[in-house]
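Features of the protein shown, as given by TrEMBL:
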DOMAIN    44-313  domain 'Deacetylase sirtuin-type'
ACT_SITE  His176  active site, proton acceptor
BINDING   Cys184, Cys187, Cys208, Cys210  Zn(2+) binding site
TRANSMEM  235-258  transmembrane segment
Amino acid sequence: MFSRIKPFFSCNSALTNRAFSERSPLDPQTSSRPIIENPQDDAIYFEKGNIKEIGTKISSKIYKRIAVMTGAGISVNAGIPDFRTPVTGLYAQIQEEGLPLPCPEAVFDINFFKTNPEPFYRIGPKLVTVNKKPTLTHYFIKLLEQKGLLFMYYTQNIDGLEIKVGLSTNKLVQAHGNVNNAHCTSCKKEYPIARLREHMLEKKPAFCDCGGVVKPDVVFFGENLPTNYHSKAELIVFADLLLVIGTGLTVFPFASLAEMVSYDTPRIVINKGGLNSFIQNGFKFESESKRDVFFDGDCDEIISEIVKAAMWDEDLQRLMESKN
């Protein structure tokens, strides 16, 4: 269970101590799947942990319930900035603009937003993703579904690009909401998304007929995660393989999903950056059992190599062409 729930965005102790929700997901020890006593001898673990072995095991359908966790890194190649990368990240851009904020993350604080929505709408154009196209990684996740291997897809992303590749909603958990719907923060009435996008592009706050300020259905500081997250987070204990792509697992409670899988479930991480945050989350990349494997680099490039090793190149190409 979560010993401490951290919010989506944080910049100081006042924000970090505010939880999204008090509900704790199911303890991974309650999984009905047995723990392997000698994992190094079992086919689900990795002998070498390289691209070829992973691609072969996936295409051989050794894993039949693959859970995927993603973050902003999978959408960078779509032209959508992540949050924390120096210079190019959204927070760095906010700081560069000199908006009247106590810290860049405060632009996503619900109480700050209700009293002063101007800074959020000033960055509005950066959050409108209606014209952005999915990346190769998005299509790979859809391909897993087509192959009957995708168990559940959990994402921190709010851009909705997984919808554009046709991912089934029953497989999807948008843990931090999305920018494709909007509601009034006061009366909760739904607001036309096309009109909201116009306001965001014009950098002008949108208001409801009741006078309340409108925002997209993105989870802000001080708000609970969607009920969809809580109801489906518990299912991850039944995954037989976990792919963590484009996220450093620094945001809680989302990051805790990686700890909720059964102890005999292999975990593959594909992300740019160091290992520290993963090690803090219990990953053991140096273990002899080769349960955890890490690939440092561009998500699309590494996924492309896995697809080739799985001999799914043509399948992925057909899928991408059918959606374009």
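Backbone N, Cα and C atoms are what each Cβ position is placed from, and that goes for glycine too.
Just so you know, TrEMBL annotations are computer predictions that nobody has curated.
Keep in mind that this is a model prediction, so the values were computed, not measured.
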Taking the centre of the Cβ atoms of Cys184, Cys187, Cys208, Cys210 as the Zn(2+) site, the remaining residues of that chain with Cβ inside 8 Å are Thr185, Ser186, Lys188, Lys189, Asp209, Gly211, Gly212, Val214
In this predicted model, the domain 'Deacetylase sirtuin-type' (44-313) has a mean pLDDT of 92
Most Cβ neighbours within 10 Å, among the binding-site residues Cys208, Cys210, goes to Cys208
